[in-house]
Amino acid sequence: MSTHSNDYFSASSGMVSETSSEVSSINSSQPVSFSKASIAAPVPCSDLHSTKSNDASRKLSISRTLTNRLNDIKKAVDDDNLQTEENSADVNKILESRFDVADAIRLQHNESVQSKLNIPVTHTTTAGASLSAPSSSAFSASSIQNDTTEHKASMDSKLMRNRLYPASTKHSGKDLEAQGITEFEPDEPTVKKVFTNKSTGQLELPPDGGYGWVVTFCVFLTMFSTWGCNASFGVDLAYYLNHDTYPGASKYDYALIAGLTVFLGQLLSPLVMALMRIIGLRTTMLFGDAVMLAAYLLASFTTKLWQLYVTQGFMVGCSISLIFVPATTVLPGWFLKKRAVAMGVSLLGTGAGGVVYGLATNKMLSDFGNTRWCLRIIGISCSISVLVAIALLKERNPTPAIGLKSPRAMFEQLKAMFSLKVITKPFVVLIALWFMFALFAYNMMVFTLSSYAISKGLSSHDASTLTAILNGSQSIGRPLMGLAGDKFGRANVTIVLTTLLTIYMFAFWIPAHTFVQLIFFSILVGSCVGVANVMNTVLIADMVKPEEFLPAWAFVNYCGAPFLLVCEVIAQALTVEKDKSNPYLHAQIFCGCCFIAALILISILREYSIRMKLTERQAMTNEKLKEWKASEYDTDSADEDWGKLKERKTKYDLLLGPGIKKYFLRMVYPMKV
């Protein structure tokens, strides 16, 4: 067996040292004398040609060194990306990389039932459900156990099993083996734990289509009528600020109402998720729809400021969370491989709703001269569209509600949702901080754009048009973000988009004064400003284990919610009305600084993610090297594989080395992550 020592890092180190020696030799040469005599003395032509030749050879050598260095880096990155692509067909890897709240709920429910029964769960694959080679080994015939009848359960467990698994209790161990039924093991893949139908004991993978597209349309409607409608509040805010609608109200009051809806929408998400597990999905959404209708209708009759706080602030915020959170849990049950596409289509609702309700709100305000009929029409239209979504929404494998009869079961749901163990994981805290800064800047920019346009001398119609363009760009940008994240890496895409947003805030928004300039700004920013909303869930899935996903998701939502409450209040406090040239300059700078903070945090998260992935691959490489040493191969292919493993070992040892230089090297290492 021969070994290859020409790995890329050792070669590159030699090249860099060679370059350094050449540069040092140039720097250590005799200094040039600039005396009059030396200037006047003629230089022989042969010396000039020799000097030019030496300079050219040095430049050529440096150029070759850099070229070889870049080629070696490209080779290393391609090797890592190839290893990532090798797992792209593994259904279990796909699920873990796209893990969602609905998957976490099903996993929690299945494990809860399993612990209560204290019996092995039976699994069988349905027709058409296929796994890739890495996952299918768990379901092969060799994993089937013949002695399932040897398990001794209590009488209560037997009775519950007869109710849940009537088919499996009618067969002997040999009959179960013939059906392809296996016992549940602790190290089973996540896809088996999540998509096992508890009523039949069968593994049922999502169909990636069919009625799932109707469900996608339903989620689109809920996003259209909740966050999409709320995105048009910037038009209402501009109207309230420019008209004395509620005597005695300050700009901070209206700003606080704007922040209240976003604050409650994020803060209540974990509580709504627990409520849905207790009373059921449809009941929760119907309750939220009723609250929404009442909120807008009551807001249209308000005459005092506190009434507006209660209706358009508190009640609307609660209704948004009660409607959209349960709806988003249905979609993952219908899609797995096409989940990013389905999620992207459903997210179109936020941007589309902002366009429609933004333009409609401005039109109704100009026609009616007040917000009364505007709020009534919005409330009725939103509640009807949500009712349509509830009627058509269908869970593929519904998780039964636990009901109100068991306080202990309800407490267990809250305990699982608000587990404080996730705080001990620093990367979860980093995700929460990143999400807070990015969402803070997003809301500040969205709610301020309309008022900023009016301060620059534009009409209210132009201001609402800018808001509509911004939301329309979001409807295109958000689906593309999800697809780009799956192709190029979530952290990579997030860093690129956050960098662009930082540039747009400082280099485009501040100098933009005309309507045309603000149109282009709205298009550019709208295409990438929703990056936090799109990427927060998948980044959590990349960082935590499936069993820890639910409390981590809850923590990310409620951790940054209080800051969203005062988001627009801070924007108004930073406004300098005496500065006629640009009263929102300080708010714009603060918004850009928030994106800078988000960029720093996501860069730290990227380094951590790369370190985890490289550490895992380093361990796998070392294990394979041990296996190769223990075995004997004398073929060309074996020799080639040995060389590749040695190159990988050297690469991982270098990248995972200690020191600040290695830390930043991992941070900028251009692999898909």
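Cβ coordinates come from backbone N, Cα and C, glycine included.
Residues within less than 8 Å, Cβ to Cβ, of ASN230 (N-linked glycosylation site) and separated from it by at least 6 positions along the same chain comprise THR261, VAL262, GLY265, VAL316, ILE320. If you look up Swiss-Prot, you'll see ASN230 (among others) marked as N-linked glycosylation site, on the strength of sequence analysis.
The secondary structure of ASN471 (N-linked glycosylation site), as reduced to three states from DSSP, is helical. The Cβ of ASN471 (N-linked glycosylation site) lies under 8 Å from the Cβ of GLY228, ALA231, SER232, THR350, GLY351, ALA352, GLY353, GLY354, VAL355, GLY358, GLY526, each of these being in the same chain and 6 or more residues away along the sequence. Annotated N-linked glycosylation site per Swiss-Prot: ASN471 (among others), in sequence order.
Note on ASN492 (N-linked glycosylation site): other Cβ atoms within 10 Å of its Cβ, all shown chains, come to 18. Secondary structure from DSSP puts ASN492 (N-linked glycosylation site) in a helix. The annotation N-linked glycosylation site is assigned in Swiss-Prot to ASN492 (among others) on the grounds of sequence analysis.
Positions annotated as phosphoserine by Swiss-Prot: SER57 (among others). According to DSSP, SER57 (phosphoserine) sits within a helical segment. Close to SER57 (phosphoserine) in the fold, though at least 6 residues off in sequence, lies no residue with a CB less than 8 Å from its CB.
For SER112 (among others), the entry in Swiss-Prot reads phosphoserine, with the evidence type a large-scale study or a structure entry. Mapped onto three states, the DSSP output places SER112 (phosphoserine) in helix. For SER112 (phosphoserine), the number of other Cβ atoms no farther than 10 Å from its own Cβ, over all displayed protein chains, is 15.
The feature phosphoserine is assigned by Swiss-Prot to SER172 (among others).
Residues or ranges marked as phosphoserine in Swiss-Prot: SER637 (among others).
The topological domain 'Cytoplasmic' annotation in Swiss-Prot covers 1-208 (among others).
Note on the topological domain 'Lumenal' (230-255): mean pLDDT across this stretch is 81. What Swiss-Prot records for 230-255 (among others) is topological domain 'Lumenal'.
Per DSSP, the secondary structure of the topological domain 'Lumenal' (299-315) breaks down as 12 helix, 0 strand, 5 coil. The annotation topological domain 'Lumenal' is assigned in Swiss-Prot to 299-315 (among others).
Per Swiss-Prot, topological domain 'Lumenal' is recorded for 361-372 (among others). Residue counts of the topological domain 'Lumenal' (361-372) by helix, strand and coil are 9 helix, 0 strand, 3 coil (DSSP-based).
Outside the topological domain 'Cytoplasmic' (394-426), and at least 6 residues removed from its termini, the chain residues within Cβ reach (under 8 Å) are 105-106, 108-109, 112, 195, 197, 204, 206-207, 211-212, 214-215, 270-271, 273-274, 276-281, 283, 330, 333-334, 544, 548, 550-552, 554-555. Summarising the annotation, Swiss-Prot assigns topological domain 'Cytoplasmic' to 394-426 (among others) and lists sequence analysis as the type of evidence.
As annotated by Swiss-Prot, topological domain 'Lumenal' applies to 448-504 (among others), with the evidence given as sequence analysis.
As annotated by Swiss-Prot, topological domain 'Cytoplasmic' applies to 526-549 (among others), with the evidence given as sequence analysis.
The feature topological domain 'Lumenal' is assigned by Swiss-Prot to 571-584 (among others). A Cβ distance under 8 Å defines the sequence-distant neighbours of the topological domain 'Lumenal' (571-584), meaning residues of its chain 6+ beyond its ends; these are 251-252, 255, 444, 447-448, 451-452, 455, 510, 590-591.
Remark: secondary structure over the topological domain 'Cytoplasmic' (606-673) totals 54 helix, 0 strand, 14 coil, with classes taken from DSSP. What Swiss-Prot lists as topological domain 'Cytoplasmic' is 606-673 (among others).
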The transmembrane segment (209-229) and the transmembrane segment (585-605): do they have three or more Cβ pairs under 8 Å, with pairs 6 or more apart in sequence?
no
Taking just the CA atoms, what is the gap between ASN492 (N-linked glycosylation site) and SER112 (phosphoserine) in Å?
37
